[in-house]
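First up is the structure itself, then whatever we jot down about it.
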Amino acid sequence: MKKMMKVLWNKGFLSFVLAVSFLAGAIVPGGYVRAAAPAAIPATLSLKEATGVCSGSATAFNVNSTSFESSKLKFYREMLDGVHEKNNASTKQNAPKATAAEDWFSVAYMLHQKRRKQSSTSNYNSRMEAMRYVTIAEYNNTNKISNNEYKNGYNWYIHRSGLNYSSSLSGANTDIRKKLYDYYLAQHTSSSNKKGWNSGSQSATNSFSALTDTTNRDVFWSVLSLNRTDGDKRRNGHGSALIAVFYDFKISPVLQEDKGTTYIRQRNDGSDRKDSFVSSITNNSPQNVNAEYTGSTENTVSHTSNINGSSSYTMGHSVTVGTNVNFGAFASGSIDYTFDYSNTVEKGWSKEESVSKTERKEDKSSISLPAYSAIMMKRTTSDSEEVTTYNCPVLLTYKVMLLEHILNASNDEADADTATLGVFGSDSISAREDLKVYLTDNINIKDTNRNITWSELQSNSDTKNAFQYAKSNTALYIPMSSAGATYSVNLKTINVTYDGLISTQPLSKIETTASDLNLLTGNSLTISNIRVKGINKAGTDYIGFNQDRGHWIITSADGKEDVSGNIASLSQSRSGKVTLNAHNPGTVYLEYVIDENCYATASAPMAYMTNRQLASTAILKVTIAAKKTAVPTPEATKLGSVKAAKRSIALTWKKITSKVQKKRIKGYQIQYSTKRSFKKAKTKNVNGYKKTRVTLKKLKAKKKYYIRVRTILKINGKTYYSKWSKIKSVKTK
């Protein structure tokens, strides 16, 4: 974000324009390195602006008050008591420097001199000149002006009240009169002709007509009083006083030049937040329709200023020193936002409110919308924030009322006289600025507020020194201190994009075109490839159905899930492939069940369909049969010669030659009978595959016998037989 700051005057506010450009959705990662703490404000700041607080040029001097956050009245006092290096001031040795408040007595002195000439009011020229320097304790740090310096053989005592507080202007009226009366009594050593302070023809004080407002407000005032100490005892305590009254205080925050560690920035990019919602684009008909939807990008940038403790004060005009202070430079682009620094600070001054601006861009797209469907949209929200920590210089501005109080020292019968010498400042301009305008730009223009032309005071021998002092000090310097502050810039981006379709009709049933399954025990079948589809209540394909959002289970004939694995079981590989494994003969069923957090409708997108709510689902019958064991078939042999003898028969057969089987051949079996059907046949086993002959004995004489042979094979304890050889017959002898 590139921020330009200008000084503007608009509707009573000094404006600093922050021109900030943002690219929608484009965020540049921050590369800021967080320092331990922002730099402290300097001893002085040179200020130069158009109007309001410091037109032309002015210098803010650091009072180093630590009370801004903790005590408003203490802060005011410390700021008014602040002391800066003086220009064109007294050169007397050991002379104390005037405070920011006491600088105004130089202005009061000029107005006092002008009033004396205009109205022939009693004046104490040389003595007031001493007061003008505000050196009070000059001449070896005593408070007495002696005969050696001033004429008429009188000594005069200077009282310096310092700052005093009252809770209203009318309260200040009473408090100032009490203070003046104390000074009068301090030097009135005789009981004769002693005047009262509040009433009567012999009053030592008089009310100030400008101090009558009873509105509660913070008021500070300071008195410089010159009172006679000797001579005619009846007139001891008589004298003159200048009074400066400060009220309607305001605080002006200052935006400094960025010098590397002036502003410490910390970036935070929050994680994206995503949510989907059903748009208003809906097709609840059985045909496809053409539709149009709108995506959007919305950027909202918010600036928030927080100056610690500021809520206790009235904000004045903002002041700038720097012209290139970057707040929120983490975002850049073509969206141009302009922020008024003064307005941002003002919003956050007492309530910590933000200044926000939003820009929205839309993008329209067309789509063929299937039957019974609605468009889903996805909202992605991202937040990025940069918090700048800094020490904010704060200036104290106020209105000033300069008053005069005189008890004529040449007339012991005189009553006190008061006058308003001038009021400086208004709701739109500070007292110091008001003074400076007339000491510089408007020096030759009639000042109708104070009924003078200031150039006359510049050239007058009695006031020219005071004029130079006021121009070089009172009108130039502004008390300043520091307040901890933060300036936060938040960029919130909301992108709304197409996120697919959702059905307007609820899911009703699951169908499959697959046939029932037949397996043999020990076999397996991959069932991940069995396709299913969802049907909505209207009887058409359910929009958004995904068979991966469900799975198969094994059930028994009564529909209950069977997880025993007695007949069959399901297994899943790492890749997700599901296999049906057949274990024992029997019948089970494969039933498809949906995940119960997937399928909803446009009218109730968070109400998901359950399996219990389905009208029907895909079910396959699985029949598992026993697997037949393969019976080994031994190699058959052939009968050789068959020779008859007396009551016996000698026969031979061929030896098995198969290399695989001959090692497993147990032997041979010979069957013989007098009947060709081998009814009541007898058998004889011959062990060993190498045996190829045998003699059948104890046969009946002169009887015809039928004979056949087969191979005996033994594997794993089981005996297997080959086919019988061809039958041969022979008659015994």
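Heads up, the Cβ atoms here are built off N, Cα and C, so glycines get one too.
Taken from TrEMBL as is:
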REGION    266-286  region 'Disordered'
COMPBIAS  266-276  compositional bias 'Basic and acidic residues'
COMPBIAS  277-286  compositional bias 'Polar residues'
DOMAIN    633-733  domain 'Fibronectin type-III'
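The residues of the domain 'Fibronectin type-III' (633-733), classed with DSSP into helix (H, G, I), strand (E, B) and coil, number 0 helix, 52 strand, 49 coil.
Cβ atoms under 8 Å from those of the compositional bias 'Polar residues' (277-286) belong to residues 292-293, 369-377, 379, 502, 504, 538, 540, 602, 605 of the same chain, restricted to positions at least 6 beyond its ends. Secondary structure of the region 'Disordered' (266-286), assigned with DSSP and counted as helix (H, G, I), strand (E, B) and coil, comes to 0 helix, 15 strand, 6 coil. Per-residue confidence over the domain 'Fibronectin type-III' (633-733) averages 89 (mean pLDDT, predicted model).
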